[in-house]
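Visitor: According to Swiss-Prot, the protein has these features:
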- 103, 126, 127, 161, 162, 181, 259, 260, 261: S-adenosyl-L-methionine binding site (BINDING)
- 184: active site (ACT_SITE)
């Protein structure tokens with residue numbers, strides 16, 4: 001066994017745990033879990049343990065991650081992610097994804113948004129492999145353990161790079177809400193181009209957001225908060241909501257308290273900086 005890297009030992013607890021979860025994931029990832037298949041004949045699934053899914057805190061969005069992505073939104077097979085909303089008689093989805101959590105981390109926001117917006121399909125996008133696996137296993141367990149009430153059928157996660165391939169997944173004006181919760185601050189000046197909010201990326205976000213759709217941002221890094229606010233305020237298709245709106249918005253309350261990063265900041269008595277922006281209609285062409 002290599003003590004420096006227990007993942008190389010095929011008999012280590014972490015490797016055995018991941019192997020077991022991977023087999024379970026292959027079996028249940030795209031299965032329509034309902035009362036007829038209730039919890040694998042009554043068997044409950046344990047929620048995944050985060051310590052077995054260790055990965056670096058951040059990932060380089062410009063690297064070649066060998067990701068699978070559709071060539072266009074029309075080629076995206078949503079039935080695999082949301083089988084409960086697939087109509088086999090028509091061969092079509094009964095709903096479209098309308099809420100996206102970009103860089104969803106360990107899925108805390110997805111889990112809390114699910115019961116708050118039961119009529120919406122909610123997708124998390126995460127670039128890190130093991131973190132994505134953790135969220136997949138978490139959703140599988142929640143769907144299975146709550147199959148009788150059809151809970152958590154409206155959320156799922158994909159491994160994807162939103163900075164490169166977002167328009168490959170979503171049609172124009174498809175989304176009503178986009179969340180950017182505690183993104184990588186990329187402190188060094190030369191890495192600012194890798195931040196998730198830039199002028200170029202905001203135009204892509206505006207493309208997939210419908211009129212009056214909302215971009216939600218939260219961070220514990222004031223410099224990053226100021227950066228995101230500056231770029232959003234400078235973009236002609238976004239307008240900031242005032243503090244009163246933020247204080248009364250249900251999503252802001254969930255966003256402040258649901259994510260793992262948010263809970264960590266809370267434990268450390270840190271600050272959380274929130275900014276929300278409305279997607280303006282395209283200007284009329286005279």
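Positions of Cβ are set from backbone N, Cα and C atoms, glycine also.
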Visitor: What's the CA to CA span in angstrom from residue 259 (S-adenosyl-L-methionine binding site) over to residue 184 (active site)?
Guide: 14
Visitor: Rounded to a whole number, how many Å is the Cα of residue 184 (active site) away from the Cα of residue 103 (S-adenosyl-L-methionine binding site)?
Guide: 9
Visitor: Using CB atoms and a 10 A radius, I'd like the single residue among the recorded positions 103, 184 with the highest neighbour count.
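Guide: Result of the Cβ crowding comparison: 103.
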Visitor: Between the binding-site residues 127, 162, 259, 261, where is the Cβ count within 10 Å the lowest?
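Guide: Each of the binding-site residues 127, 162, 259, 261 was scored by Cβ atoms within 10 Å; lowest is 261.
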Visitor: Any idea of the Cα spread of the S-adenosyl-L-methionine site, 103, 126, 127, 161, 162, 181, 259, 260, 261, as a max distance in Å?
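Guide: Of all Cα pairs among the recorded S-adenosyl-L-methionine binders, the widest measures 21 Å.
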